[in-house]
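For reference, the structure discussed in these notes is given below.
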Amino acid sequence: MDENNTFQIHLQKLAHQDEKTFETIYTLGNGHFGVRASNPLQGNNSHYPGQPGLFVNGFYDLTQLSYGENYSGYAQNSQTICEVPDPRFIIFEVDGVRSDETPYNVRLVDKNLDMRTGVLMDIFDVKTPTNKQFRLTLQSFASHADKHLFVIRYSVSALNFTGPITIIKQHPYIKQQIQSNTTDMRAAQRQTVLDRTFIQSKLPIMMISTRKSQLALIVAQQALSDNPMHVTMLDDLPSYSKTFDLTQGMTQSFSFAYAISYPHPLLKATLSQPAIAASAEKRLANKSFKQLLDDSAAKVNQFWKNSDIELTGDDALAKGIRFNLFHLYQAAGGDGMTSIPAKGLTGPGYEGHFFWDAEMFMLPFFTYTEPQMARQLLLYRYHTLPQAQHRAREMGVHNGVMFPWRTINGEESSSYYPAGTAQVHINADIAYAIDTYVRVTGDTDFLMDYGYEIIVKTARFWLAYGHWATDDAHAGKFVINDVTGPDEYTAMVSNNYFTNRMAQNNLSIAVKYFNQIKHSHPEKLVELNVTDEEIAQFNHAADEMYLPYDEKLKIKKQDDLSTSKPVWPIKETPRNLFPLLLHFHPMTIYHYQVNKQADTVMTDCLFPKDQDEAQLKRDFDYYEAITVHDSSLSRAIFGILAHRLHHADDAYDYFMQTVMMDLSNSQGNTGDGIHAANMGSTWLSLIYGFAGLGLEKESFNLSPELPAAWNSLRFRFWFHGRQIEITITQPAVSIKLLSGQPLQFYFKHKPFKLTKDHLVNQYLK
Ligand code: BGC
């Protein structure tokens, strides 16, 4: 394998895509912010076909939702991630003509993202209106050492002239507009209006504020010590400007850092302007490009050490896997106050909202490889418990909490409740993620301080939202009516299998942890007011949870009525009418059996012990035939199950479509941002699927099976403070304890003892 090559995303190796798609693919981020890889000369121009911008995690404004009929409890505001002006933007002046006033001709020559260091290189050939040609090379990175910093170096070399050229670097006007495509509800729908003020300083420092959410962001610029410059006033803006003589064939470089603060609540911002200026000046003083790069690259290197998946035998695939892991890394901030938006920080799609995507599709990657990050992501949910409690009451649920389907600040932001608010399974998804985190890490402090409270309060929701049925069909069972499961092509149903199974798990883990902590931490139970009576109720509801089953078809039923509906004629529907959601009224779709994404079968994936292989096969075959995968969250789940059913070809196909989704823009909307859950699914498919890693009896089990085309798969993970490395080759497997205490583990469900410096070789067959 060409090691180096599989860490590079080289433009020349990608199929041609439009500007927006490349901007997304090459976005640089560090979880605090993301910068789309725009054309740096034209991004500020209203005719530019791309969508440049800087997205800061948690920096949003409120935009009012309008309804023809505004019912009680409808979400009143959407939160919309703000598109902050593009830090890549630069102005040139040659022969008295400025590039922001008279467009220069700019041709993209090349781009390369080096995922080893996190540095993006872009090369453009530029022609001025007076026919002067120069090559512009950008090297930029979002620092992973200091998450406030974006660093960029511009290098200019004259191609056909010798003479003066002026560069102007200033905060661009906020005139970049999100292009909203009103026919696609997944794209950005709303625009925010930002205000800006400048802060007196030796540096150009801009304060950007929102109008309704009352948030402020400070963005400071500094010419780095490689090319010190003084700030001058130009266009009434504090700017860096320098004229230098270019000699044909010679290159001039100049580097800048941007310090982007965390969003501050405006009203509470007690910081004085001099204090803001002093802290920005201090942060950026005497820094060189190389030093900042070395610091950041060291962090990126550490990430790869813990989180890389090394696949040999297929370089293109190995690269695709790394691309997805790298984007996950770029999307997770870990400040405890934010999560990961469905599009990461790469675009305005889905308005920058956090969904169940984070807990169910992305979190496992962090739980196993960067547990500290997983903890911080879960903390975000803890910090929004007050909003979730308020929402439950607003929705008439007298106990527990109700987490929002989509949100940034913890309040519900979905304007279409049947495919939004009604997805109450999010409560149980969060509880499931906490349980996995605690089981994998053994972090009982987290459980005591934060996790158990969420588990108990979400469990309380189920008792209050569901009820004990008395009708003939469900008598004596605990039922949950009027919800929507993960499949958004079926809405407002009774007893959605996924929801009920997840709620059952939520109730059961509340009981499990109660039994564990009643002796060790009785005070916690007092604090949360958890009583034996309540736990008995949880237990009873879990035991008697109604799980719909079709006795004739012998499959798990998606909901009470699902199998009685006609099946959508999938094969007869022309390709151009997919995704169905863009072409048919929701009721038309709801009328049929057609799944947007994995729903019931996801429980087969999450609870493997629930069914034997014959049941799994029936569920899989039935649901595969009615699933159209219009959601990017679908294929990987089917792929994992195909793997468990030993359908090697299907598993491989699903996996390939998962891994290459954004690099090949196969959903057609990568331009609005990456599909971050699908990227998390890449890890799930490899680790839960091909490697067959799963929790077993307070330890883990490995049941690997590699596709014939791969030579080997290597990855690392943490388990209760130990780091373990697995290498699966054809046909041997080695399991290595890199650090920590010996443990019993299971290989194909048979126990073995793993000790330090001990390599266990097990034959695959
Ligand atoms: C999917 C949801 C997902 C959302 C954000 C929708 O298309 O149906 O399951 O949470 O996208 O990714």
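Note: Cβ is positioned from N, Cα and C throughout, glycine not excepted.
For reference, TrEMBL has these:
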- Glu488: active site, proton donor (ACT_SITE)
- Trp356, Asp357, Lys596, Gln597: substrate binding site (BINDING)
- 14-229: domain 'Glycoside hydrolase family 65 N-terminal' (DOMAIN)
- 322-683: domain 'Glycoside hydrolase family 65 central catalytic' (DOMAIN)
- 699-752: domain 'Glycoside hydrolase family 65 C-terminal' (DOMAIN)
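In this structure, the C-alpha atom of Lys596 (substrate binding site) lies 6 angstrom from that of Glu488 (active site, proton donor).
Taken residue by residue with DSSP, Asp357 (substrate binding site) is part of a helix. Sequence-distant contacts (6 or more apart, same chain, Cβ under 8 Å) of Glu488 (active site, proton donor) comprise Ala419, Gln423, Leu581, Lys596, Gln597, Ser631.
Counting residues per DSSP class in helix, strand and coil order gives 0 helix, 36 strand, 18 coil for the domain 'Glycoside hydrolase family 65 C-terminal' (699-752). Excluding Trp356, Asp357, Lys596, Gln597, which define the substrate site, the same chain contributes Phe355, Pro486, Glu488, Ser631, Leu633, Ser634, Ala677 within 8 Å (Cβ to the Cβ centroid), listed in sequence order. Counting every protein chain shown, the Cβ of Gln597 (substrate binding site) has 22 other Cβ atoms within 10 Å. Taking the Cβ of Trp356 (substrate binding site) as reference, residues of its chain lying under 8 Å away and at least six apart in sequence are, in sequence order, Trp405, Gln423, His425, Ile426, Asp429, Ile430, Pro486. Taken together, the residues of the domain 'Glycoside hydrolase family 65 C-terminal' (699-752) have an average pLDDT of 93.
Across the residues annotated as binding substrate (Trp356, Asp357, Lys596, Gln597), the two Cα atoms farthest apart lie 16 Å from each other.
When Cβ neighbours within 10 Å are tallied across all protein chains shown, the highest count among the binding-site residues Asp357, Lys596 belongs to Asp357.
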